Amino acid sequence: MSSGGLLLLLGLLRVCAELTPVSSKDPYCNLPPDPGPCHDNKFAFYHHPASNKCKEFVYGGCGGNDNRFKTRNKCQCTCSEYP
């Protein structure tokens, strides 16, 4: 791995460490993906607890629940046990 890649990885790990609560992951990380009642077709990410991975789904743009993230990285930092 190049030194630039290593620095990027270390930076991401630091961000995850700052964003991840020490106690445990947030309870909404176990909720199923909810597209909501609207039909805007935006791509978002949700935490899939059985696989401990963040997966993409289509969000309608309104409503839904809190297990919804704009980026995979934010989802992993918030919900994954091992980001």
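Note: Cβ is positioned from N, Cα and C throughout, glycine not excepted.
What Swiss-Prot says about this one:
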type: SIGNAL; residues: 1-24; note: signal peptide
type: DISULFID; residues: Cys29-Cys79; note: disulfide bond
type: DOMAIN; residues: 29-79; note: domain 'BPTI/Kunitz inhibitor'
type: DISULFID; residues: Cys38-Cys62; note: disulfide bond
type: DISULFID; residues: Cys54-Cys75; note: disulfide bond
What subset of the disulfide-bonded residues Cys38, Cys62, Cys79 lies within 10 angstroms of Cys54 (disulfide bond) at the C-alpha level? Cys79
Would you list the DSSP helix, strand and coil counts for the residues of the domain 'BPTI/Kunitz inhibitor' (29-79)? 10 helix, 15 strand, 26 coil
Among the disulfide-bonded residues listed as Cys29, Cys38, Cys62, the Cα nearest the Cα of Cys75 (disulfide bond) belongs to Cys29
Distance between Cys79 (disulfide bond) and Cys38 (disulfide bond) at the Cα atoms, whole Å? 25
At the level of the C-alpha atoms, what whole-angstrom distance separates Cys62 (disulfide bond) and Cys29 (disulfide bond)? 18
Least Cβ-crowded entry, counting other Cβ within 10 Å, from the disulfide-bonded residues listed as Cys38, Cys54, Cys79: Cys38
Sparsest-packed among the disulfide-bonded residues, when each Cβ's other Cβ atoms within 10 Å are tallied, from Cys62, Cys75: Cys62
Looking only at C-alpha atoms, tell me how far Cys29 (disulfide bond) is from Cys38 (disulfide bond), rounded to the nearest Å. 22
